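K.L.:
So that we are looking at the same thing, I have put the structure below in structure tokens.
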């Protein structure tokens, strides 16, 4: 196959003006033929032997004349697991964190354009994974009672969260607001005592934010430091500077002491609203918030900074970038304000209502932690160059995978499975491989994916015979010459016409577009795009398995294939032979029909030649055909077995293994000394026939041993039946006797008189004597 330059479909009048420009971009426009071969079809391989005369891009069975070392082999998309260690709970070994929550940890992906690869991974939260909690408190005067509560409960708060993770640490800081008008009074008296004329006490100078206590697991020290260094102050308006304080706690990782590996939480305890971006305009601090760490080594935020308060979007981005979650513990009067805020940053925030004096802070903190712990959400690290699509699937309830990238019902040490599906949309031109990561929004652990993009020929230079091919006007790569503009031939030594007319079909006297817009005109001939054929790429015939007319015919008309002898069908995929349907002289074992050299089996029959019976009732598979050979092997030890003229190779399978697949049969056999239970499986695809046999052997029991037990059993059964009959008769007699006695007693108690009897006794009654009125 001659490899020629590619041409744009340009008319004659503009072609000369773009020849120079085209020559500069020729390599980009045309690409490399080997690369195109590898990218377009996973079943095609490429021969880069320099003097090879056949089609270079073809199936392996058609590249028999190309030495193996000169074949650039193609491969489908696939996945290889490189590291898959078991889950481990968190522990410190040799001053290094040791834990595994994701399986596998490292995989290799081969991606080709349009072919999806599925990757299954699992997540199991580790016990005692480090937990860091920063308590950021609003210390305006209205929170003075809440500060007393924190001082009294600080130690208890630490120990309660240590029950969640033994590796728990807590830090503390506070905030008020910018010391600028109109947020605070700026007179000297008010600066020295912001509480003057407001309450009958004095308080220290105000500040925007103060970092007081680094992370520690000494909870007694934490409570003492909070009590020693925390005092309330005051500002002027009803809004506080908590958002800027929150920004500083998030971004000042080294200054605050955040660990590299931990779950990170910030509790914002307040009873007021927050200043947001734009409010700084009132005080003259109009510069966009820098998002940088500004607190000094003493933990103080500079009072003279020119930056505005951060926006909610800026806070959200920093929370996600640093994998920090925030718990707003707020008073009831401002709860709806923070609920609205949570609606915007819902994946990073939790809102809980504080009691009057914050006495429920321990329960609220645990609730906030568990709300985040139960959620896990995966994504791809966005720092990759290639254009590929990713879909996540989760099996949260062990009821099957659904397309979602998160679960909200995580339980400690329970395993949850996820699946990621990768599809390469475009083969990158500048990179052949890169490393990407699957990440979780709150956990520092990652799954490493080493991705290689299929579509670039390596063409082993040690095997190439460049010395045998001379490219006079072109470049040699992968065994052939890619000619420069205007040249063609195997050595790029033949001039090529610029004319596009030979590639344009005339219909009713009107010239169509060159190559019917389905190919490129190269030196007066159309090089058609797949699957178009014809002089002008005007034909499009059926395609099967990436080949026009199944590679068993020619495309002769717009929609028709002219099939080779022995093949039929619209796409020439139907082979007329019945060779593959025959078994032991029978077509499809007499249990199917042969269509296109493939068996279509009747109900309950399966297999390439319908040799396996799958019905529940006794059928006519090959179980009965091989039962005698099986018994001959098991009972008599015969290894020379035959089925007709075919040899059978018996194999004994241990009883601790299970026979699986098609063609499994069962039989029993017993003689005077032994009893057999036999499973056997036949495989007719091999020659000789493979017969796998698995049996259990039991010692037979003689009749002399069994007879006494049978006689005793019969006697005992008869005695039992007699006793049962006696019990039933006795019970019936007792019931009848009790009935008789009852009737006799009733007769004795009742008085019976003759109805014809007349008593001789007559009674009269004299009426009473009436007294005169």
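Glycine is treated like the rest: Cβ placed from N, Cα and C.
TrEMBL: automatically predicted annotations, no manual curation.
Feature list, courtesy of TrEMBL:
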- 1-30: signal peptide (SIGNAL)
- 47-57: disulfide bond (DISULFID)
- 195-203: disulfide bond (DISULFID)
- 252-293: disulfide bond (DISULFID)
- 396-407: disulfide bond (DISULFID)
- 483-492: disulfide bond (DISULFID)
- 523-549: disulfide bond (DISULFID)
- 528-537: disulfide bond (DISULFID)
- 538-573: domain 'EGF-like' (DOMAIN)
- 555-561: disulfide bond (DISULFID)
- 563-572: disulfide bond (DISULFID)
- 574-581: disulfide bond (DISULFID)
- 594-599: disulfide bond (DISULFID)
- 601-610: disulfide bond (DISULFID)
- 697-725: transmembrane segment (TRANSMEM)
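Looking at the shown structure, can you explain where the listed features end up?
P.N.:
Cβ neighbour count for residue 57 (disulfide bond) (all protein chains, 10 Å cutoff from its Cβ): 20. The secondary structure of residue 57 (disulfide bond), as reduced to three states from DSSP, is extended strand.
When other Cβ atoms within 10 Å of the Cβ of residue 203 (disulfide bond) are tallied across all protein chains shown, the result is 21. Following the DSSP three-state reduction, the secondary structure of residue 203 (disulfide bond) is coil.
Around residue 293 (disulfide bond), the same-chain residues at least 6 positions away in sequence with a Cβ under 8 Å from its Cβ are 248, 251, 252, 253, 254, 255.
Residues near residue 407 (disulfide bond) in space but far in sequence (CB under 8 A, at least 6 apart, same chain), listed by position: 375, 376, 394, 396, 416.
Cβ-based neighbour count (10 Å, all protein chains) for residue 523 (disulfide bond) stands at 22. Residue 523 (disulfide bond) falls outside any helix or strand according to DSSP and counts as coil.
Over all protein chains present, the Cβ of residue 537 (disulfide bond) has 22 other Cβ atoms lying within 10 Å.
Taking DSSP states H, G and I as helix and E and B as strand, the domain 'EGF-like' (538-573) has 3 helix, 14 strand, 19 coil.
Around residue 561 (disulfide bond), taking its Cβ as the centre, 26 other Cβ atoms fall within 10 Å, counting all chains.
If you take the C-beta of residue 563 (disulfide bond) and look for same-chain residues 6 or more apart in sequence within under 8 angstroms, you find 549, 552, 553, 569, 572.
According to its DSSP assignment, residue 581 (disulfide bond) is helical. The Cβ of residue 581 (disulfide bond) lies under 8 Å from the Cβ of 587, 588, 592, 594, 597, 598, 599, 609, each of which sits 6+ residues away along the same chain.
Counting Cβ atoms from all protein chains shown, residue 610 (disulfide bond) has 25 others lying within 10 Å of its own Cβ. Mapped onto three states, the DSSP output places residue 610 (disulfide bond) in coil.
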K.L.:
Quickly jot the same-chain residues contacting the domain 'EGF-like' (538-573) by Cβ under 8 Å, restricted to those at least six beyond its ends, or write none.
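P.N.:
Counting only partners 6 or more residues beyond its ends, the domain 'EGF-like' (538-573) has Cβ contacts under 8 Å with 41, 43-44, 505, 516, 518, 530-532, 596.
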K.L.:
If you measure residue 195 (disulfide bond) to residue 528 (disulfide bond) at Cα, how many Å is it?
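P.N.:
Residue 195 (disulfide bond) and residue 528 (disulfide bond) have their Cα atoms 86 Å apart.
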K.L.:
Got a sec? Which of these disulfide-bonded residues, 47, 483, 492, 528, 574, has the most Cβ atoms within 10 Å?
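P.N.:
That would be 483, with the most Cβ atoms nearby.
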K.L.:
Would you mind reading off the Cα separation of residue 47 (disulfide bond) from residue 601 (disulfide bond), to the nearest angstrom?
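P.N.:
Distance (Cα to Cα, whole Å): 41 Å.
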K.L.:
Need the DSSP three-state call for residue 599 (disulfide bond) to compare against my parser.
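P.N.:
In the DSSP reduction, residue 599 (disulfide bond) maps to strand.
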K.L.:
Based on DSSP, name the secondary structure state of residue 47 (disulfide bond): helix, strand or coil.
P.N.:
strand
K.L.:
Nearest of the disulfide-bonded residues to residue 537 (disulfide bond) by CA-CA distance, picking from 57, 203, 523?
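P.N.:
If we rank 57, 203, 523 by Cα distance to residue 537 (disulfide bond), first place goes to 523.
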K.L.:
For residue 396 (disulfide bond), which of the three DSSP-derived states applies: helix, strand, or coil?
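P.N.:
Reduced to three states, the DSSP call for residue 396 (disulfide bond) is coil.
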K.L.:
With an 8 Å cut-off on Cβ-Cβ distance and a minimum sequence separation of at least 6, pull the same-chain contacts of residue 601 (disulfide bond), or say none.
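P.N.:
In sequence order, the residues whose Cβ lies under 8 Å from that of residue 601 (disulfide bond) (at least 6 apart) are 588, 591, 592, 607, 610.
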K.L.:
If you count other C-beta atoms within 10 angstroms, which of the disulfide-bonded residues 396, 549, 594 is the most crowded?
P.N.:
549
